[in-house]
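Enquirer: Sharing a structure with you now.
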Amino acid sequence: MHVSPKRSSPRSSLRHASPRSSPSSSAAEASSPVGDVFVQQVTRITALLEDDMKQSHLETIKMKAAVRRAQKAQAKAEAAKVHLQESLEQFNAVKSEITKCGVCMDTMNCPFVLVECRHSYCYGCLRLHFHMCLQNQVKWCDIPEHLREPSTADQLHELIENEHIYSPLYYCLSCKGTVRCQPIEVYIFKELIEAVHSVARLPDDLMVEDPHINNSDIWADMFYTK
């Protein structure tokens, strides 16, 4: 009986064949120059983006700090403005109280104080008040016509020396006390008021010239002296 030689099957021959590496594993193992350049570019762009983000963050922090400083400065400026306004109101209140004339109730111009009671008034207001007091005294007296409107020292002397009146009767408008002595100009007070006027300005209607203000005795037509 003839026996034919044994042949190996294709499957067994494939089974014993040496394994080959796949194309994908070869590509992974072999480094590609194009891939390296791409990776480097991506890395560089990523680093640039990170730097830009850090710089933007720093700029944002600086801007927020600048805004906070500006807000604080604005708040301080507003507080200073309010404080200045309050100080100005207080100054005006003090100025109004200290420099207010008891007759015209306005800022005194050329302040004079009454010796008897220490009340202060404008020179012009005192003169007008004293003149009205003197006119009321001579109104009902039997005196010559030219003495019914006394406005000079000579007229006052004639009224008293001819015994039409014994003495001018004046009084303080604030306390109604009798005024016998000539009012005294308050120089320190005058300087204070002038300093106030230099800041707040003297109203034009108070800047009135008086014909007696430059006389050596500005009260000679109001107070009799021998």
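Every residue, even glycine, has its Cβ placed from backbone N, Cα and C.
Predicted automatically and left uncurated, TrEMBL annotations should be read as such.
Marked as coiled coil by TrEMBL: 63-90. Here TrEMBL flags 1-18 as compositional bias 'Basic residues'. According to TrEMBL, the feature compositional bias 'Low complexity' maps to 19-33. Per TrEMBL, the feature domain 'RING-type' maps to 101-133. The region 'Disordered' annotation in TrEMBL covers 1-33.
On this model, are these features tucked inside or out on the surface, and what's nearby?
Expert: With DSSP states grouped into helix (H, G, I), strand (E, B) and coil, the domain 'RING-type' (101-133) comes out at 11 helix, 7 strand, 15 coil.
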Enquirer: Average the pLDDT scores across the coiled coil (63-90) and report the rounded value.
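Expert: Value for the coiled coil (63-90), mean pLDDT as a whole number: 86.
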